[in-house]
């Protein structure tokens with residue numbers, strides 16, 4: 001037991017992150033099912049809108065901070081990056097340990113905040129004055145703020161660790177453009193986290209002081225401005241959505257490269273520059289979340305055009321994935337299915353994002369279900385599809401076992417139908433101007449809402465099926481005999497790898513024939 005509590009091994013800590021993420025994911029999914037059951041027909045089921053809004057808030061926090069980030073950055077980052085770089089472990093193993101162990105208490109505090117009344121029914125954005133003491137007079141929002149602080153500290157420590165690992169523990173003679181795409185994506189994600197999280201910490205600390213110490217940062221009666229909070233929050237919030245998707249881009253790139261049988265992804269260097277471009281542009285478009293707060297027309301014009309420009313590097317990535325698949329004979333195995341599903345659905349989410357980047361259109365669509373449909377296409381079918389496809393793809397590496405291929409294909413089809421049936425109708429609801437975060441609606445919206453709720457039940461069944469498939473493989477212990485057609489360093493290990501895969505950092509030597517030889521020195 002102490003092996004897990006005090007471990008400084010990147011593989012053990014990666015497994016802990018994955019377990020926490022799975023647990024939080026089940027919790028967050030349960031909350032989304034409660035939301036969809038409430039909305040499956042007109043009329044009230046929960047009969048208390050404060051509780052409904054609390055469920056919406058908790059669903060968002062759980063999925064973002066305790067499911068996607070621990071899975072992609074903590075889980076896969078810890079597990080795969082040292083193996084892909086050929087390094088013995090992370091740069092700061094003990095810091096790695098504490099950056100995980102800050103997450104369970106943070107999760108506990110988030111769940112504890114729901115036990116007070118009024119519970120935090122603010123939405124994940126926690127806008128004042130709704131989150132101020134006047135409208136949430138219990139300690140609930142304070143607990144949520146402390147939870148955010150702890151997970152933020154955890155993320156910053158994990159990011160520093162990953163950055164130093166990628167910069168200092170790669171092969172000594174390797175150039176940066178030779179580092180594979182997943183370490184690159186996590187490196188850029190770490191930069192985004194380190195630059196954006198302190199701004200969030202400042203914003204929620206000011207909110208904490210407004211609530212408890214009678215300051216008025218966000219209170220107009222004392223000369224403050226609630227719009228200041230929105231600017232600070234979204235300066236973190238927009239890079240955050242790229243933090244959620246960029247590691248997924250890196251993982252999907254590896255899967256596409258491996259499954260197409262190519263030695264490298266199409267336009268490897270362009271892919272790196274595209275991710276750098278996305279990371280940079282992500283910081284200068286935050287006010288597109290605020291088109292309705294009364295921005296100046298020139299400001300709206302700037303944020304509209306800057307947001308549209310983000311589509312360019314994203315399009316480069318999508319077409320490079322498709323170009324990598326071009327010309328190879330596709331046998332539709334499970335990794336290819338998931339990667340193609342990711343590319344297709346993420347692209348749909350990107351196109352609805354282009355629609356919303358127009359400030360004139362966004363004035364109409366802001367805070368409707370069109371926005372919910374958009375960001376669930378890029379998160380629930382971008383980030384989550386990246387997580388599931390990567391988990392299935394690297395499961396034989398992590399455990400040395402095989403999943404049941406036929407069942408996985410059935411599960412993929414169920415999931416694909418379920419998520420599309422859930423979120424595609426929400427665009428229609430948004431165009432019919434159904435607002436977000438409301439527990440009841442006129443019966444003119446009944447048809448699409450009932451279809452959406454049916455889709456969420458299909459998705460739930462597919463996730464239960466996936467858990468069953470994983471448990472079945474762990475119980476039956478089918479070992480993997482042959483591994484082939486892999487272009488990445490991590491597959492050169494035993495399956496599962498030893499606790500310490502590399503005892504020292506390898507050296508890459510290029511001889512006169514320009515063939516690379518990997519030797520230990």
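Every residue gets a Cβ built from N, Cα and C, even glycine.
These features come from Swiss-Prot:
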type	residues	note
TRANSMEM	15-35	transmembrane segment
BINDING	38, 43	Ca(2+) binding site
BINDING	59, 376	Fe(II)-heme a binding site
TRANSMEM	61-81	transmembrane segment
TRANSMEM	98-118	transmembrane segment
TRANSMEM	143-163	transmembrane segment
TRANSMEM	184-204	transmembrane segment
TRANSMEM	232-252	transmembrane segment
BINDING	238, 288, 289	Cu cation binding site
BINDING	242	O2 binding site
TRANSMEM	265-285	transmembrane segment
TRANSMEM	303-323	transmembrane segment
TRANSMEM	336-356	transmembrane segment
BINDING	366, 367	Mg(2+) binding site
BINDING	374	heme a3 binding site
TRANSMEM	383-403	transmembrane segment
TRANSMEM	412-432	transmembrane segment
TRANSMEM	451-471	transmembrane segment
By Cβ distance under 8 Å, which residues at least 6 away from the ends of the transmembrane segment (303-323) in the same chain are close to it? 249, 252-253, 256, 265-267, 270-271, 273-275, 277-278, 281-282, 284-285, 287-288, 291, 295, 339, 343, 346-347, 350, 353-354, 357-359
Examine the transmembrane segment (383-403) against the transmembrane segment (61-81) and state whether at least 3 Cβ pairs sit under 8 A, considering only residue pairs 6 or more apart. yes
Compare 15-35, 184-204, 232-252, 265-285 by their Cβ pairs under 8 Å to the transmembrane segment (451-471) and return the stretch that comes out on top. 15-35
Could you tell me whether the transmembrane segment (336-356) and the transmembrane segment (184-204) have 3+ CB pairs under 8 A, leaving out pairs under 6 positions apart? no
For the transmembrane segment (143-163), which stretch among 15-35, 61-81, 232-252 has the most Cβ pairs under 8 A? 61-81
Cα-nearest neighbour of residue 59 (Fe(II)-heme a binding site) within the listed binding-site residues, 43, 366, 367: 367
Mind giving me a neighbour count for residue 238 (Cu cation binding site)? Other Cβ atoms within 10 Å of its Cβ, every protein chain shown. 23
Determine the most Cβ-crowded residue among the binding-site residues 38, 367, using a 10 Å radius around each Cβ and all protein chains in the structure. 38
Integer Cα-Cα distance in angstrom, residue 289 (Cu cation binding site) to residue 376 (Fe(II)-heme a binding site): 16
Which same-chain residues, if any, lie at least 6 apart from the residue listed as 'heme a3 binding site' yet have Cβ under 8 Å of it: 349, 352, 353, 355, 356, 427
Alpha-carbon distance [residue 38 (Ca(2+) binding site); residue 238 (Cu cation binding site)] in Å: 29
For Cu cation, residues beyond 238, 288, 289 with C-beta within 8 angstroms of the site's Cβ centre include exactly 234, 237, 285, 286, 287, 290, 303, 307
Expressed to the nearest Å, what is the distance separating residue 288 (Cu cation binding site) and residue 43 (Ca(2+) binding site) at their Cα atoms? 33
Cβ contacts of residue 43 (Ca(2+) binding site) (under 8 Å, same chain, 6 or more positions away): 440
Spatial neighbours, same chain, of residue 366 (Mg(2+) binding site) - Cβ under 8 Å, 6+ residues apart: 291, 292
Please report the Cα separation of residue 38 (Ca(2+) binding site) and residue 376 (Fe(II)-heme a binding site) in Å, rounded to an integer. 18
